[in-house]
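Lifted from TrEMBL, the feature list:
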- 2-206: domain 'Sugar phosphate transporter' (DOMAIN)
- 211-241: region 'Disordered' (REGION)
- 12-30: transmembrane segment (TRANSMEM)
- 42-60: transmembrane segment (TRANSMEM)
- 66-85: transmembrane segment (TRANSMEM)
- 97-116: transmembrane segment (TRANSMEM)
- 128-150: transmembrane segment (TRANSMEM)
- 162-184: transmembrane segment (TRANSMEM)
- 190-209: transmembrane segment (TRANSMEM)
C-alpha cells in the first residue's frame, strides 16, 4: 500500500483501501460460503460511500501504481482471511498465532526489506544518519506496530476480516479529526463532515445488522438423503427373516 501511495495519488490510495472490503467479502463468500443479509450489504455500502466522500479527492494512477495496488489489496485480504482461518481451524489464541508468525515476518523483512527499499528509492537503509530522536521514534513506531498487529489478530479472531476492515475505517475518520484538531481546520468543510457522518452511521448499522440472526451466516448444506441407507436396512432385515 505504501508503494501504491508513492506511485499514485492519495485519492487512488484511498480507493485501494476501500477495495479491501469487497475483496474480503468475496473471499468469505467463496471459501466460507458466507451469506450476507440485505441490511448487512447496505451497511457495508454506506461505509464505503461515507469514507469515499470524505477522503477521495484527486485521482490519478499509472500502470505500475495500479499493479502495486492490486497486489497490496489481494495479498492483504488473503492474509487477513488466513489469520481468521488458522485461528478457527486450530483453536489458536491471538497471542499464539502472532507468536508463530511474527518471527517469520520479521526475518523476511530483515532479509528482503533493504533490497526492496533500495530498488524503490535508490537509498540504502544502512546509510541513514541515525540520531537519538530518530531512534526514539523508530522504537516507538515498532512498539505501536506490535499493538496494531495484536489488535488485528484479536479482532479478526473474534469477528472476521470483513468486520476488521469495516471497523478499521474508523481509524481513517479519527486521523482526519485529529488532523483538523492539531493542524488546523484547513480542508474541513460540509463535504468532509457529511462523509464522516455517513461512514459512522454505516459502521453502527453494520455492527447491528451483522449481529442479528441471519445478518451474516455460513450456508449449511444438508446431509445426503438417507433413503438408500433405510432401504439397505430394510433389505438386510428381510434377508434375516
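Keep in mind that glycine also has a Cβ here, set from the backbone N, Cα and C atoms.
Stretch with the largest number of CB pairs closer than 8 A to the transmembrane segment (190-209), among 12-30, 128-150, 162-184: 162-184.
Only residues 6 or more beyond the boundaries of the transmembrane segment (128-150), in the same chain, are considered here, and those with a CB under 8 A from a CB of the stretch are 94-95, 98, 102. For the transmembrane segment (66-85), the residues of the chain that approach it from at least six positions outside its boundaries are 1, 3-4, 7-8, 12-13, 16, 19-20, 23-24, 27-28, 31, 97, 152-153, 156-157, 160-161, 164-165, judged by C-beta separation under 8 angstroms.
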